[in-house]
Structure formats: structure tokens, C-alpha cells
Amino acid sequence: MIVLDIASVVLLAAGALFVVSGGVGLLRFPDFYTRVHAAGITDSAGAGLILLGLLLRTPSWETGVRLLVIMLFLALTGPTASYVLAFAARRDGVPIWREGDPRR
Amino acid sequence: MIVAVMAALLVTMVLALARAFVGPGRYNRILAINMFGTKTVLFVAVAGFLFGRPEFLDIGILYALVNFVAVVAVLRLTHYDDDLADDLADDLADDLADEPATDGEDRA
Amino acid sequence: MTVFTLINISLLAILVATALTVSRLRALYEAAMLSALFSLVTACLFVLLDAVDVAFTEAAVGVGISTVLLLGGLALTRSREAVTPRRRRLPGAAVAILAGGTLVYASQDLPAFGSADSPVQRHPLTDTYLHQSQEDIGIPNTVTSVLASYRGLDTLGELLVVFTAGVAVLALLGPLAHPVDARRRDDLDLVDYRVLRVISAMLMPFILLFALYVLFHGDFGPGGGFQAGVIFAAGFVLYGLVFGLDKAQQVVPRVVLWALIPFGLLLYLGVGVVNMLLGGSFLDYDTLSSDPAAGQHLGILLVESAIGITVAAVMTTVFFSFANRRATR
């Protein structure tokens, strides 16, 4: 049991780290396309690790199944939303940031 | 540990909120709001474990679903509508000259 | 200060900041998106208050459907708020401050948060609902027992409101509207986005399955007819948005949708009338079976399905009516 607890703590800590760093990135990166990367990290790595960490401490199998369903859902919709957003922004002509440009 | 994860989520929510408030433009806001939505999914899941009520997870599934539908709707329904560049210029003009422009439009 | 209080305070701060920003923004699309965010935070607060059924509804309606409908409405009009002259802002500010002040003043009369001797806790009816319902009806989720059985007539009234809203939208935008106004909008699909198409097609069965789960699991956990109906509608809306309205209307023809709107309401009324014919009073499900508890189960199931059918049909119809029109700017 103690092994599971430690693994869960490690996973949760890693997930929290990814989530916060993605949040900071969303605020500090210079343009829309770079920010997509920051937001994407929190949806995939952050959410995945936190849900895995929770999975290791589930009281019953029903809860575990629900966690897995959420994980599957986020794993499918997160990257799709990021891709579609970036695609639409490109099509609408949102400019790409280059070294030396002002932040926007 | 779960409390720490909760704190991290709340901090990230505030950061995403700041991006949603600042913008600039539609896409930055959609991105921030989409990220905020997935953070609320995690929030509900973590809150369920923190307060010992794992049946909250049903709600998490629903949030993940409606969040996706909302993002698709935003993209679809705003896409052809008006020019993003116009919008950005508009935003800028608003920020620069809020009050004087207001009165001018009123007289016209 | 406990963790619980801290989380509540941070969520409240986020809520206030969002509300202020929404009122400041003049770009209406952005304001609509932020109001979806507002609903998400409200729903989180409901979750923390253990009001899981309310949180379910708030998320499904506030984020899923009302955002889509707001955006659909905005697509038909201007998407920028007109500027209010400064002189005319004063009365508005006065009204807002007065109303807010009254609410804050009135809130002092509320019992303390989590107080055990509030009127709600001490009223004998609470005990009846919480304990007697387990023997009368035998459903773990008391909210469902109260909503569908004890207060079945009130819920019928709510369904009538939804029905009226659907009929009103149909009268304004549907087949009865002026034919010139009801032109088709040319381009309404996201066919360029292949990934989105594939993923949405993959998700559709799960969404509908989840809606059914919410409908039938409402007896045991959060959920029920209203929420399931909205999830069904969200699924159809997603399909319509991604594959185009024509495709969506091939799957669910409009006539079928229009027929389903009154069907749910009639089913609900029909259950009540059958109860009367069997010798009970209106919506007294005990008469449906020789065993009263089994009768209650059957009645609640029928009524919840009726709610789900009408809500899903109304929401989908409203969306299709909006999306079928061309912007008239």
C-alpha cells in the first residue's frame, strides 16, 4: 500500500507542476501559437498525471472507471481543441511571433 | 498532497483567467477559457477526493463534454462572422480612447 | 481558516472578477464566452455545497446550451455592444447599487452557512422527505423523489415553461415565420477540420450513452430528465456544428423534433391521467403497480423520460432555428 501512496504522491506532484507551469506559460509566452503549447501541456500531461495519481487512491472500482472515462475524454478533446484553435487562428491570419517582435 | 494539487489548480485558474481578461483578441480568450474549463474538470475530481465524495466525478465527465461543445461552437459560430483584424483594431481603439469617443458617438 | 473556506473564497473572488470583466467588455462574443466561464465557476461552488444535481444542471445548461444559443443569436446581429452615453449610465448605476444593497441587506436574515437550526433543517417536512421517502419510494437520491414524485406537479409546470419557450421560438423563427426571413445560411459546417470530424464522430456514441446514463442513473446519483435532455441536445448541436445542419437534419428530421416537443409533455400529462383513471389522484404513481414502491419507480422513470424528451427536442429545435437563418445586418 505504501508503494501505491508514494507513487500517487509523485504523480500528483508532477501533474501539479505541469499544470502550474502551463498556466505561467499561458500568461508569459509572447503570442497565441506559443501559448497553445503552454495550454496543451496542462490538458495532456498535467491532467493525465493528476488523474493517474487519483486513480491510485480510488476507494472503489466505480470511481476508477469514472476517472478513466474522464481521462479518455480529456485525452481526445484536449489535443483536438488545441489543433482546431491553432488551425482556425492560422486561417484567420493571426500573425506569428518572431524573435524580436513585440509581445502581443 | 491533494490540498497542494488543489492549490496548484486554483493558481492555474487565476492565471488562465488573467489571460482571458487581457486577451488580446478572440483566440487568446478562447484558449484561456478552454484551459480554464479543463482545470474545472480536474478541480471537481480533486474536490471529490478531498472531501470524500467521489460521486462528484459524474459532474467532471459532463464538464469535459460541455467544454468541448462550447469551444467548437465558439469556433463555428464566430468564424465567418467578422474580420479578426478589425476586431483587434477596434479593441485597441477602445482601450486608447474610451471616454472621448463615447461622447462623440453619442452626438453623431 | 479551513481549506474548505479558503477554496470557497478563492472561487468567489474569481466569480466577482469574471462578472466585472463581462460588464466591461464591449465585444459580445468574448462576453458570451466569459459568461460560460462564470457558469463553470458557479457550478464548482454548487459542487462544494454538495448540491450536485444543481451543479449538473448549471454546467449542462450554463456552459453547454446557453453559450451555444447566445453565440448563435449574436451571429445573427451585431457582435459589438452599442456605446451607452455617460448621462444614461447614471440611472443604471443607481438601480444596480440599490438592488445590490437590498440583496446584501436581505442576506443578513439568512441563517449562518451550514447552520443546523435553520428553518429548512427544522421543518418536519425535511425529515419526511429524507427518511419517509426511503420507505415510500426507495430511491437513494432524495432530490429525484422530491422533484419527480412529491412535487411532480411543480415539475410539470417547469416542463410547461420549457415547452412554451420552444413553441415561442418556433413561432418566431420556425415554419410559421415569414418565408423570406427563413432563408438558409449557406455555409454551416466545419468540414475542413478533418481531425475534429473524426474525433466528434468517435465521441457521439459516448455522449448519447452518457445522456442515457444520466437519465437512468438519476435515481441513484446526480442527474435526471432535465440534465439528460440537455446532454442529448448538446450532442446533436455538436453534430450539427461539425457536420453541417443538413446532415444533422437527415439524422433527426425537423418534423420529428417538432413532434417530440409536445410528445414529452403529453406523456407526462398522460401518466397523471392514467393515475386518475386507476383510482388515484393526479400523478399519484402508487396506482401504477400493485406494489406502491414499484409503481413509484415506474412513474418516476416515465416522468423523467418525458422531461428528457421535451427538453432535448426544445433545445435542439431552438439551436437549429437560430443556425438556419442568415445574418440580417
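Glycine is treated like the rest: Cβ placed from N, Cα and C.
Quick look at what TrEMBL annotates:
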type	residues	note
TRANSMEM	C:6-25	transmembrane segment
DOMAIN	C:14-77	domain 'MrpA C-terminal/MbhD'
TRANSMEM	C:32-49	transmembrane segment
TRANSMEM	C:55-77	transmembrane segment
DOMAIN	C:88-174	domain 'MrpA C-terminal/MbhE'
TRANSMEM	C:89-107	transmembrane segment
TRANSMEM	C:159-177	transmembrane segment
DOMAIN	C:195-316	domain 'Na+/H+ antiporter MnhB subunit-related protein'
TRANSMEM	C:198-218	transmembrane segment
TRANSMEM	C:224-243	transmembrane segment
TRANSMEM	C:255-278	transmembrane segment
TRANSMEM	C:298-323	transmembrane segment
May I ask which of the stretches C:32-49, C:55-77, C:89-107, C:198-218, C:298-323 has the most CB pairs under 8 A with the transmembrane segment (C:224-243)? C:298-323
Residues of the parent chain within Cβ reach of the transmembrane segment (C:6-25), under 8 Å, 6 or more residues beyond its termini: 31, 34-35, 37-38, 41-42, 44-45, 48
Maximum Cβ pairs under 8 Å to the transmembrane segment (C:198-218) among C:32-49, C:55-77, C:89-107, C:255-278, C:298-323 is reached by C:298-323
DSSP puts the residues of the domain 'MrpA C-terminal/MbhE' (C:88-174) at 68 helix, 0 strand, 19 coil
Arithmetic mean of per-residue pLDDT over the domain 'MrpA C-terminal/MbhE' (C:88-174): 86
For the domain 'MrpA C-terminal/MbhD' (C:14-77), the DSSP helix/strand/coil residue counts are 57 helix, 1 strand, 6 coil
